[in-house]
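Remarks on the structure that follows.
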Amino acid sequence: ASCETTVTSGDTMTYSTRSISVPASCAEFTVNFEHKGHMPKTGMGHNWVLAKSADVGDVAKEGAHAGADNNFVTPGDKRVIAFTPIIGGGEKTSVKFKVSALSKDEAYTYFCSYPGHFSMMRGTLKLEE
């Protein structure tokens, strides 16, 4: 089982994949995130944020107010399982999180917290046996 995946985006509000499966056998899971576009992060910046599906609306709404310096994620938000910085065209980043933070009975959503991107840039993540 692979304990990492790569998600890409570009100068549109889309992710390259709509779903991610995390093997339960992994201790940690890494998401490599690449922006293959050309626009700067101030114009079309993206990130990858993971939370329980039930929480994402509030996490995104509150994160938008946290500002660019905080990558549009509220500092210390316990509902956020993992997130990457906001990146622009040609940049890449990654985030690693403990698989023990996930439950197989829970639904998770990953999304971009850049203001206005949340409704289109999202996907599902699930823990697999």
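Counting starts with 1 at the first residue shown.
Yeah, the Cβs are placed from backbone N, Cα and C, and that goes for glycine too.
Annotation comment: Swiss-Prot describes 1-129 as domain 'Plastocyanin-like'.
The annotation disulfide bond is assigned in Swiss-Prot to Cys3-Cys26. All protein chains included, Cys3 (disulfide bond) registers 14 other Cβ atoms within 10 Å of its own Cβ. DSSP assigns Cys3 (disulfide bond) to coil in the three-state reduction, outside any helix or strand.
For His46 (Cu cation binding site), the same-chain residues that are 6 or more apart in sequence and have a Cβ closer than 8 Å to its Cβ are Ser9, Phe33, His35, Ile86, Ile87, Cys112, Tyr114, His117, Met121. Swiss-Prot lists His46, Cys112, His117, Met121 with the feature Cu cation binding site.
Ranking the recorded positions Cys26, Cys112, Met121 by how many other Cβ atoms lie within 10 angstroms of each Cβ puts Cys26 at the bottom. One way to see the shell of the Cu cation site is to take the Cβ centroid of His46, Cys112, His117, Met121; the remaining same-chain residues with a Cβ within 8 Å of it are Ser9, Met13, Tyr15, Asn47, Phe111, Ser113, Tyr114, Phe118, Met120.
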